[in-house]
Amino acid sequence: FPPAVFPLSCAVQSYSWGKVGLESEVAKLLASSDPLVQIQPDRPYAELWMGAHPRGDAVIRDNRIPQKTLGRWIADNPACLGAKVKDAFQGRLPFLFKVLSVNTALSIQAHPNKELAAKLHAQFPEHYPDANHKPEMAIALTPFEGLCGFRPVEEIVSFLQTVPELRALIGEVAAEQLERSGSDDPRGVSAALRVCFTRLMKSEKKFFVDQLNMLVKRISQEAAEGKDTSGSNGDLLLRLHSQYPGDIGCFTIYFLNLVRLEPGEAMFLGANEPHAYLQGDCVECMACSDNTVRAGLTPKFIDVLTLCEMLNYTPAPSSSKIFPAAQSQLDPSVYLYDPPVPDFAIMRIEIPPSIKLYLVSAVDSASILLVIQGTAVGTSTAAASEMTLRRGSVLFISANESISLHLSSPDGMLLFRACCLL
């Protein structure tokens, strides 16, 4: 039998928003996994792609395997996915696993559901390259910040009353409609919110740049005088404006929740949920798609009309955006993040120092294992030889295969494992 468990060497993406050099978790993981890698101090190391995406197919690090990349290997050995996964996802790995190191904000964006994805792909294939949905989950590795979902209405109304520049862009009629909308009529609230947000995003470029400059000038003066600018979300406004001067995305902070995640906390981004990662390091898992509808904080193609049409305008507090992990009943070292989509799930595996032999159990799905902390020697009946696992190591594990870890680090291990639990 060919080896069904093997180490991977993964693709790095150098997007401009990434952390540079060894400030980046991606770079640190690379450097510790492969001592021969030269980390360039001024290059952004934004994303590590662990999977079989055609623009970043992982390379197999086992010279006994004739296929060079994971994508080719899965195509030749589709049973490795597990019977259910293979049938449900047409013989393809249904997820892409990543590490992200975010220095400056990513674009204000949302991902379409399958129905809208099919429509967008048919109409604009150059911007929407496939017909799949793209739900995502991010789990913080370091303190992580992002914008996610619409704020409770009373928070937005409060900003409309303390930030005159925002009110000017939205207009008196729409602002009053939101102020009058009652919590007893959620559809009325969503309709008013849609009107306000769409007015903002479609405002004339010259008009919003003038208003933004006025706002930034005013907040900068107040901050210089030592005044509290939190009522206008001053700190975040100045930070985003310094990253993307004159960008409409700066105003979205008054509509979207600021979500702060501590290491191990997660957020799930379903279809039509507006979001933008702001800073920090995370592991991310997503369905295999490149469909992103953008509308600000980006130099890329923006599609304001589609975005404003598709969004989920349901207000909710930022605390509701944190997705809980469930500790496994069978293995207390495993915490499962199981989102409401079939494409992927993530396990966080925390092996305490007291355990020296740990079994990474078999699941009925191909999976990808990433080591964040600790060292071990891994053995498997499905592996060609024993494997040294250290920080930054990535393993592919075929369906229904297990690995024994012989731990050598004094302080346990932290691993993340992406799989598909149908």
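Backbone N, Cα and C define each Cβ position, glycine as well.
Quick caveat, the model's predicted, so the values are computed rather than measured.
Residues or ranges marked as active site by TrEMBL: R294. Of all the Cβ atoms in the protein chains shown, 22 others lie within 10 Å of the Cβ of R294 (active site).
Within the same chain, residues at least 6 positions away in sequence whose Cβ sits under 8 Å from that of E136 (Zn(2+) binding site) are H111, F268, L269, E284, C285, M286, A287. The feature Zn(2+) binding site is assigned by TrEMBL to Q109, H111, E136, H275.
Per TrEMBL, domain 'Phosphomannose isomerase type I catalytic' is recorded for 5-153. In terms of DSSP helix, strand and coil, the domain 'Phosphomannose isomerase type I catalytic' (5-153) has 40 helix, 40 strand, 69 coil.
Annotated domain 'Phosphomannose isomerase type I helical insertion' per TrEMBL: 169-256, in sequence order. Note on the domain 'Phosphomannose isomerase type I helical insertion' (169-256): its mean pLDDT in the predicted model is 96.
Long-range contacts of the domain 'Phosphomannose isomerase type I C-terminal' (336-376) within its own chain (CB-CB distance under 8 A, at least 6 residues past either end) are made by residues 8, 29, 50-51, 74, 80-85, 88-89, 93-95, 97, 99, 133, 135, 137, 139, 141, 264, 266, 268, 270, 283, 285-288, 323, 325-328, 388-422. Residues annotated as domain 'Phosphomannose isomerase type I C-terminal' in TrEMBL: 336-376.
The CA atom of H275 (Zn(2+) binding site) is located 10 Å away from the CA atom of R294 (active site).
Within 10 Å of the Cβ of H111 (Zn(2+) binding site) there are 25 other Cβ atoms, across all protein chains. Long-range Cβ contacts of Q109 (Zn(2+) binding site) within its own chain (separation 6+, distance under 8 Å): P274, H275, A276, T292, V293, R294, A295, T298, L307.
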